[in-house]
Amino acid sequence: MDLQKWLMETPKYTTFRVNILKKNHHESLQQYLLQQADVFATKQIPSFYFLKPDCLILERWSESVIVDPTGKEVIVDALCAAAVLRGAHVFAPGVMGLPSSLHLDEKVDIYGDLEKKCKRGLKSLYDGKKKYVGTGYLKMLRSELFDNGIKPSGIAVHTLMPVSRLPVVNESVCPKGELLLQNLPSIVCGWVVNAQSNEYILDMCAAPGNKTTHLAEMSKNQACITALDKTLEKTERIRETCQIQGVTCVTAYAFDATKCHSEESLGIANGPPFPSNCFDKILLDAPCSGLGQRPQLINMMSPKMIKSYKFLQRKLISEAVKLLKVGGKLVYSTCTITEDENEGLVSWVLEKFPCLKLIPAEPLLGGPGLPNLGLDDEQRKMVQRFGPHIDALRPADEIYRDSIGFFIAAFTKTANNK
Ligand SMILES: C[S@@+](CC[C@H](N)C(=O)[O-])C[C@H]1O[C@@H](n2cnc3c(N)ncnc32)[C@H](O)[C@@H]1O
């Protein structure tokens, strides 16, 4: 399948990570879907099932459920439109324009601005390139969205049905902290780290803490996890996620992870920087160009910007190599599709650090790495690339091919690198 076309399409599933530290009330999800089914006058709710105890898959409404467009248009920005396609409501900052004739609770059509040309506050019909993404009920009027000095927040359009037919659902259908919306490859990334109790684990780029909390939950809240991100605001997000999920084994610090190693360090308990060879496992979920996100209705990133990430990733992984114990495991991941940031980065690491050995990033659920990028077939089989392609080397199941573009590699350290 054509990669660009795939990136523009919406995945067919919604995935939740299930918090195994809490009792799960997934019957609340069923109740919610039954209520929605009443609204759509159908008896059939979308199927949902557990792929693993910590991973719940929710499918789409059947094609017999039809919500007709109304002809009344609300324009939202492209990011907001993509979120609607994945089953979100429209939040006020994403609204670009709507006519003044609309009234509260009126049924409206949601359109995404595909050119980033719509001026905030537009009243007339938008004549730029736009895409119909769903139908919903208007919950805010122009005055609440665009009046001078207003910083709008909250739900502006209550989405009824996106054109993708994914259920409009979020974590709030179950008691707090039981479910977390998370893309399937991100959940697989946690499985690859496979956190165990009493392990010392570093999550180098952790905010908002979605993978950090997964690791904590896998370890039954008994690993010793250090989470870093670069600003205080971001580390606050990690703490909030931990608090919501009931996770207590994580300590978060605002710190530049490109500088988190120092021989003068007094040890993990004193916070960053850390000494050599001190972590059993390290997750580097790297800052990246993010080009694997789906659906991508528009992308304004310049080629220069895209090319810049590999340098930051190299700095971060070089730091990780020093901090990893001999025999420890380093997991590297990105949510992008570029060669430089994925197979290219692995190939660079293997050349630069003879003390690192590529190991299978098990469980191997995505496809293999791409050919002709410095990895031989054995090495390609050890990494995971999530995308639409079917590679005979290791064909991935449909559910793993229909999520976002993602990459995972795992290494172990065979000798001290000093
Ligand atoms: C892909 S996101 C991490 C997502 C996170 N692992 C999760 O699953 O919730 C990458 C993160 O790297 C952080 N970051 C970028 N440069 C950094 C640096 N030099 N040190 C620490 N964190 C950094 C960004 O702030 C961002 O939060």
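Cβ atoms are placed via backbone N, Cα and C, with glycine included.
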Listed in TrEMBL for the S-adenosyl-L-methionine site shared with Cys205, Ala206, Ala207, Pro208, Gly209, Asn210, Lys211, Asp229, Asp256, one of Asp280, Asp285: Asp285
Validating a neighbour-count step here. Other CB atoms within 10 A of the CB of Ala207 (S-adenosyl-L-methionine binding site): how many? 23
Using Cβ atoms only, which residues of the same chain lie under 8 Å from Cys335 (active site, nucleophile) while being at least 6 residues apart in sequence? Asn183, Pro185, Ser186, Cys288, Gly290, Gly292, Gln293, Ile404, Gly405, Phe406
If the S-adenosyl-L-methionine binders are Cys205, Ala206, Ala207, Pro208, Gly209, Asn210, Lys211, Asp229, Asp256, Asp285 per the record, what's the largest distance between their Cα atoms, in Å? 19
